[in-house]
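Annotated transmembrane segment per TrEMBL: 100-123, 135-154, 160-180, 221-246, 266-290, 302-320, in sequence order.
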Amino acid sequence: MIEFGEKLNANVSGVPFTVIGEHYVIGWLDEKNTGVQIEDAIKCVLNNNCRDIGSELMGNNLMAEKQQEDKTLKTSSSIPETMTLPLVGEIKTKNLSLPILTIILGALDGFNPCAMWTLLFLISLLLGMKDRKRMWILGSAFIVASASVYFLFMAAWLNLLLFVGFIVWVRILIGLVAMAGGGYNLKEYFTSPDAGCKVTGTEKRQKVFEKLKNITYQKSFYLALGGIIILAFAVNLVELICSAGLPVVFTQILALSNLAKWQYFAYMLLYIFIFMLDDLIVFIVAMVTLKMTGITTKYTRLSHLIGGILMLIIGLLLIFKPEWLMFG
């Protein structure tokens with residue numbers, strides 16, 4: 001009311017204060033006087049002969065409120081141009097992207113020791129064979145089956161996250177999982193110089209080795225192939241625990257991003273390809289040179305350090321700044 005009074009240079013101490021077009025009426029006398037004034041003012045506005053000061057003021061107020069909302073939203077959700085990360089230093093956030101994050105997380109996941117030990121033992125068995133074709137097929141089947149387990153798990157988890165939508169407690173829970181996984185990786189870096197796999201004990205490994213040995217040396221090629229695929233599924237389901245939540249965290253980031261359906265699957269395939277890349281390299285080199293090589297402890301420990309720091313950061317962002325992880 002004060003704004004209308006200032007605009008019309010009117011004293012608004014009395015009520016009712018009625019504004020119609022560019023005219024105003026203070027108080028109420030009777031229908032013959034005040035009523036006629038109001039009717040005349042309405043006719044003037046309807047005939048477009050008078051300015052509608054009320055609409056102008058209301059429009060300006062709404063526009064100002066909208067601008068303030070946009071400014072507040074921009075301030076609260078905008079990503080800073082630079083970020084300082086522990087042991088990494090200052091990085092430009094505009095240089096970060098979902099493909100880069102996918103490659104980093106997939107590589108860190110691939111360097112965990114649990115993802116490699118079964119393949120290395122299988123390669124040691126395959127190298128004793130004389131049939132090169134059988135060696136390639138059985139080894140490739142193990143790698144493809146391992147990748148399929150990961151894809152099925154990630155696809156199922158992503159569909160669940162997309163189904164439940166942006167439920168806050170789900171995002172916070174996954175953020176806590178990420179922080180716990182990051183803490184575990186850092187603990188492994190500082191307390192385990194050998195960087196071995198703690199999920200599968202010696203006794204369980206021995207049982208897997210015996211089964212793998214029996215399957216590999218099956219006289220029937222098809223029984224050996226089927227056994228390798230089944231064992232790969234079983235082993236990799238258990239070894240998902242050793243990933244310290246990386247696939248879960250990655251699918252949560254995908255769920256937060258505004259992507260087409262095919263893009264979700266494309267990013268998962270990229271993640272799995274990077275995850276399996278070290279296995280592929282070790283397998284191909286072994287099959288070509290007939291010598292077995294593996295990932296050194298140095299690189300495995302380094303992956304614990306980098307992965308731990310990155311998981312802690314992602315966990316904090318999922319809880320406090322999820323918009324920073326929204327791509328697309």
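Glycine is no exception: its Cβ is also placed from the backbone N, Cα and C atoms.
Automatic prediction, not curation, is the source of TrEMBL annotations.
For the transmembrane segment (160-180), the partner stretch with the highest count of Cβ pairs under 8 angstroms, out of 100-123, 135-154, 266-290, 302-320, is 302-320.
Outside the transmembrane segment (302-320) by six or more residues, the chain places 85-88, 104-105, 107-109, 111-112, 171-172, 174-189, 195, 244-246, 249, 252-253 with a CB less than 8 A from a CB of the stretch.
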